[in-house]
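Asker: Supplied in C-alpha cells, the structure appears directly below.
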Amino acid sequence: MGSGGGSISWGQKLSFGTGHVLNDLCASVWFSYLLVYLQYVLLIPSGLSGIILLIGQIADAIATPLVGILSDHGQCCCIGGQRLCNYGKRKIWHLIGSICVIVSFPLMFVGCMGLCEHSNGIGYLVILIALVCLFQFGWAAAQISHLAMIPELTHVEAERDELNIIRFSFDIITDILVYAIALIIFSQSSHNLSQVTTESGIDFMILALSITGIGIIFTVIFHVGVDEKPIKIERPAAIMGTAAVSLKTQWLGWFYNWHFYRVGILYTAARLAHNTSIVFVPLYLQETQQSAEMLALIPLVMNIAGLLGSGLLKITIKLYGKKASYAMASLMGLISCIWLVIDTNLSENATTLDPLLGPPSSDNAQFYLLASMMGGGAAMVVILSLTSAADLIDSNTETSAFVYGCMSFCDKMSSGIVVAVIQGLHSWVCQEGCTYFYAQVLIYGVGIPFIFVIITSLLGPKTQSEQHEGRNVKNYGTCRTEEATSLIEYVH
C-alpha cells in the first residue's frame, strides 16, 4: 500500500469492501426479521418487541462515538503493546467488533432455551437484551473502524470516493443475498412471512447461522487482504501528557468547524431518506393490499436500483462534480415522492394524515418504477454523504473515528425517533383503519430529507481545497500537531 497517500491496488480495494459484509448481512436480518421472530415465534408482545429493538438502537448509538474515541486514542495498543499496534489500531477494533457480532447474533435466534417457562420469561429477556447490546456494540465497533480506515488508506479524493462506492455496493449486494437466502429457507420449509408460527424458529436459526458463516468468510478476506499502516508508540512521560491533550483538542476543535455540522446534517438526512424508504415501503405495499410476491420483489428492485446507481456515481462525480450528483440523486427521489402525491389523489385542501383519502392505484409496473427511483436516489445520496465525510476529515486521520462516530450517533438516534413517532401516529390516527397513511409517510418522510440533502450540499465549499484551507486558517485544532506527530509515527 505504500504511504497511504498513493495508489491502492484493486485487490486491496475489493478486500476493503468485504470488511463490512458481516455487519450488512446481520443488519438486514435485524431490521427485516427480528420483530417477526420475537412476535410470531417467541410470542413476545409487539410493544415489548419494539422496546427490545429500541434498546439495541440506543446501545448502538451510544457505543458508536465511544468506540470512535477509543479507536482514535489507540487504546488497544496501550493494552496489548506494540504487537497490536503493528496489526493496526483500526483493524484491531474491527476484529473485536466482528467477534462480538459472530458470538452474539446467532444466539439471538436459538429460541428460549427453556427459559421462557420460568419467571414469566424474565430470565430469557435479560439474556436476550444482553445479547442485543453485545451485538450492537460489536456492530458499532466494526462499522466505525471500517469507515475510519478510508482516510488513512489514501489521501486521494477520487480513491476515497471509490472506496465508499465499493463499500456501499457490497452493502446492497448483501441485502439482495439475504432476501435470496431467506426465500430459499422459508420456501423449503413450506413457511412464508404471513404464516410464521412458533414452529418456524428453526428457519430463523438456520438463516442466522447461514449469514454468520458467510460473514466470517468475508471478514477473514478483509483482515488478510487489507494492510493498515502500523503505528509506533513512543512513551516519554513528558510527551504523553502533551499529546493526550492535543488529541482532545482536536476532538473539541471539530465543534468549532461549521462544516462538521453541515456534513452531519447532510449525512443524517441521507440516512433518513434511505432508512425511511426501507422500513415503510413494505408497509405501504401491505396498506394498498399488494400481493405477498410484491412485498418481496419491491425491496429487491430498490436494492438493485441502488446497486446500479452506486456504479453510476463515479461517472457523474467525474463529469459533473459532487454537488450536481447530490442534486440529480435527490431530484430522482423527490420525483418518486411527487409521483406518490399525484397517485394518492391528494387535494390542495387535504389535511395531512386525512383518513378519507383514497388508496393509490395498483399498477405493478408503476410500483417497480417508483421503487427504482426512490431506492436508487436514496442509495446514491448515502454514498455521496460518506464521501463528503471523508473529504471533511481529509488528512486529519487521528480523529476520523470520532467524526464518523458522532455522525452515526445522530443517524441512529434520529432514525429511531422518526420511526417511533410515525408508528405512534399510526396507532393514534388509524384506530379505525387507514388506506393511505404510509403513502404520505413516504411522501414526507423521504421527501423532506431529500430536500435537506440538496440544501446542505449546496452550502458546501466549491472545492475540497477551500474547505481544507478554512480549517487551517481558523486554527480549529483539527490538523496534526507536533506533539501528536511525535507520539504516533506511521511506519510505511
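Residue positions begin at 1 at the first shown residue.
Backbone N, Cα and C atoms are what each Cβ position is placed from, and that goes for glycine too.
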Asker: Transmembrane segment per TrEMBL: which of the ranges 22-44, 367-389 is that?
Answerer: 367-389
Asker: Report yes or no: does the transmembrane segment (122-144) come within contact of the transmembrane segment (325-342), defined as 3 or more CB pairs under 8 Å with a sequence separation of 6 or more?
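Answerer: They are not in contact.
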Asker: Return yes if the transmembrane segment (165-186) and the transmembrane segment (401-425) have at least 3 CB pairs under 8 Å (sequence gap of 6 or more), otherwise no.
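Answerer: Taking Cβ pairs at least 6 residues apart, the transmembrane segment (401-425) and the transmembrane segment (165-186) are not in contact, as fewer than 3 fall under 8 Å.
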Asker: Taking a Cβ cut-off under 8 Å, which residues six or more beyond the ends of the transmembrane segment (325-342) line up next to it in the same chain?
Answerer: 273, 309, 313, 316-317, 360, 370-371, 373-374, 376-378, 380-381, 384, 439, 442-443, 446-447, 450-451, 453-454, 457-458
Asker: At a C-beta cut-off of under 8 Å, are there same-chain residues at least 6 beyond the transmembrane segment (206-226) that contact it? List them, or none.
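Answerer: Hits for the transmembrane segment (206-226): 11-12, 14-16, 18-19, 21-23, 25-26, 28-29, 33, 91, 94-95, 98, 101-102, 105-106, 108-109, 149, 153, 177-178, 181-182, 185.
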